[in-house]
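Asks: Pasting a structure below so you can have a look.
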Amino acid sequence: MTALARLPEPPLGQTVLVVPGMHCAGCMAKVERGLVAVPGVAVARVNLTARQVAVQHDPALAPPVLIEALAAIGFPAQPRGPELAPPPSAARPLLAPLGVAAFAAMNVMLLSVSIWSGATGATRELFHWLSALIGVPAILYAGRVFYVSAWGALRRGRTNMDVPIAIGVTLATVLSLYETATGGADAWFDGTLMLLLFLLAGRALDAAMRDRARAGVDALLRQAAPGALVLGKDGSIAWVAAVDLVPGMTMRVAAGERLAADGEILSGHSRFDQSLLTGESAPVAAGPGAVVHAGTLNLEAPVDVRIAAAGQGTTLAEIARLMDAAGQARSRYVRIADRASRLYAPAVHTLAALSFAGWMLHGAGLHQSLVIAIAVLIITCPCALGLAVPVAQVVACGALLRQGVMVKDGSALERLDTVNHALFDKTGTLTLGRPVPDPAALAGFDAAAAGIALALASHSRHPLSRALVEALAARGVTPAALEQVAEEPGRGVTARCDGLAVALRRPETAGGMATVLAIAGQPARLIGFADRLRPDVPAALDQLGRLGIAAGIVSGDNAAAVLDVAGQVGLTAAAAASPADKQAAIQRLQAEGRRVLMVGDGLNDGPALAAADASMAPGTASDVGRQAADFVFLGDSFAAVPRTVRAARRTMAVVRQNFALAIGYNVLAVPLAMAGLVTPLIAAAAMSLSSLLVIANSLRLARAAR
Amino acid sequence: MTGLALLIPLALMMGLIGLVAFFWALRNGQFEDCDGAAARILIEDDQPSVPPVQP
């Protein structure tokens, strides 16, 4: 028995962690080595494209241990929940047909060149048969993408760009086979394969760009609370994933953690940041008996919460249902390429039918008339037209990505192009949505005090401490050496520095957000915190105005806070708006014939983001906000908004030029085809030339996002 | 024609080998993480992840 001779290997558990901070080889090496150094970890493998690391480990090892290990080397990480698993790649299924089309097109073209150079008789027939041998299986395999899509559209009584492609490809293949079998002069396998190659290349590029943006968005999912520490009846504490939480459990939520479920506080007092849920900027204090919601951030002290609703029953799920209903309006949008093909397909088929009828009446035989009609179909096959939209959008998406704007879908650029009204959320969108220490207070610190403040703050995970660390580190402060550091949750951090007692604690008089730096023998220093406007907001709004876009604020925050920001940026504002109110405001504008851009970050903006004609969210937005938005911009600067609008307008200008080029080519080529003058050589040359022109024109967009 | 009888199958065979290699790479997940593959070459393998134990 071999099973006895060998020790059974313990089955390994696998955890996939999302690590948004990785961006280079150094990060990859650090993350992989850092994880393998954790006892119990067997293998860690980074996927840089998806910003994820797959860890194979002892099943007893819990994900928080791995997250701690990564945090210790400076990489914040989150486990990837099964519901957040990336959607299946759109580009992958296109790669194999693309490879086959490329292989077949190149080999058939090689044989075709010999025929065009004057091969006749048996040699030409042999070459035609060889072309058919390579071409027919390749066309069937690579053309499947178009057949499936065309059939899907026809079955629903609609038409799309794939219908004329599928008809043209099929007819050309059948005609070529007939010509080959009867020893005719011309076969069109090369042109047909080249057409498939160009079209598949356009599609694969489009899909690859969408995959890339999705992977980026997936990597940013930081806000979701994927689980909670649950207290057992015997006082034990265990990590439970969000999907396994049930009402009645008691979860312990540490300061700085987001709640994974709705519930009621059993013990502990803290303040909660509800900005993602309601847009309310000021933290809300809550004690035993108070109701708290999933998605809110516990700011100050650990609390025990008895779960009242989890999963589908939470406030979060309610907002998700509102969004589903709102998104249906957008799904009715018809992409420009499909609108073009609605006109294009009937026109092409009418022309082919006319040529056939004309030559028959003129006295040409059935065979010659059919050859000419099919030549018209092949020459008008929308090669350049099929590339006109995706190549321009892919190049523009790449340009935007380099500027930190992720585009979820090419059609978003088309919708953004027509926008003439913009609505902004306040908290987290116009403002940074996080507390920033008062720069005036920090400027008043001497180097020693700043060093002590930085060292103290770095020992706490409290949001104010982390904001302080970020601000002081940005000023180039070096931390002081501390001894006997102790953190008392909800009170602050105490330590000794050069024998002096030092502390960073909450102020005695709790008014607004603030922290106090106390150094023995010196007066206490108060550091105020406030949410501040994003950089470049006034300049960005000014640029939007010059682009002809009216703007307004619609916020869930209270009137005083909204009026303050509205006054600073000079916009009209609606305050205390519920998620449904925001959606209604957009629908009112749409009913007036306005095209609306919604920029928002919170869960409460989700329905509005889904209802608007186009939507943007900052990278710091809630996971719902990022999923609902068409564009996600990274970084703090608000200048990304007008930049994206400008890029969208440039892209659509190029798309329209591409259409003009593709149609201009048809205007020249169709009369030739109808006159019966087109040979496979002319068709191949004309098709490549028009495709190259369209690609070259689209490449001008590489700098569209400047 | 005798040259063709040899050269054409040879050319097709070489193309096919390329195609098969492409399919193998696709199935084997070689295109899963193109950015990572580009960066991985810069990682030094000979640097031990755990410091060697002193004898």
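The backbone N, Cα and C atoms fix where each Cβ goes, glycine too.
Just so you know, TrEMBL annotations never went through curation; they're auto-generated.
Not measured: the values here are computed from a predicted model.
Summarising the annotation, TrEMBL assigns domain 'HMA' to A:13-78. Annotation comment: TrEMBL describes A:94-117, A:129-151, A:163-181, A:187-205, A:343-364, A:370-401, A:659-678, A:684-702 as transmembrane segment.
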Asks: In the domain 'HMA' (A:13-78), how many residues does DSSP put in helix, strand and coil?
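Replies: Across the domain 'HMA' (A:13-78), DSSP assigns the residues as follows: 22 helix, 20 strand, 24 coil.
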Asks: What parts of the chain pack near the transmembrane segment (A:163-181), using Cβ distances under 8 Å and only residues at least 6 beyond its ends?
Replies: 125, 128-129, 131-132, 135-136, 139, 143, 146-147, 150-151, 153-154, 187-189, 191-192, 195-196, 199, 341, 344-345, 348-349, 370-371, 374, 377-378, 380-382, 386
Asks: Of the listed stretches A:94-117, A:187-205, A:343-364, A:370-401, A:659-678, which one has the most C-beta pairs under 8 A with the transmembrane segment (A:684-702)?
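Replies: Checked against A:94-117, A:187-205, A:343-364, A:370-401, A:659-678; highest Cβ contact count belongs to A:370-401.
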Asks: Examine the transmembrane segment (A:659-678) against the transmembrane segment (A:343-364) and state whether at least 3 Cβ pairs sit under 8 A, considering only residue pairs 6 or more apart.
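Replies: These two stretches do touch.
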Asks: May I ask for the residues of the chain that lie six or more residues beyond the transmembrane segment (A:187-205) and have a Cβ under 8 Å from a Cβ within it?
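Replies: Hits for the transmembrane segment (A:187-205): 91, 94-95, 97-98, 101-102, 104-105, 108-109, 111-112, 128, 131-132, 134-136, 138-139, 142-143, 145-146, 165, 168-169, 172-173, 175-176, 179-180, 374, 378, 381, 383, 386-387, 390-391, 394, 680, 683-684, 687-688, 691.
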Asks: Could you give the mean pLDDT over the domain 'HMA' (A:13-78), rounded to a whole number?
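Replies: Mean pLDDT for the domain 'HMA' (A:13-78): 82.
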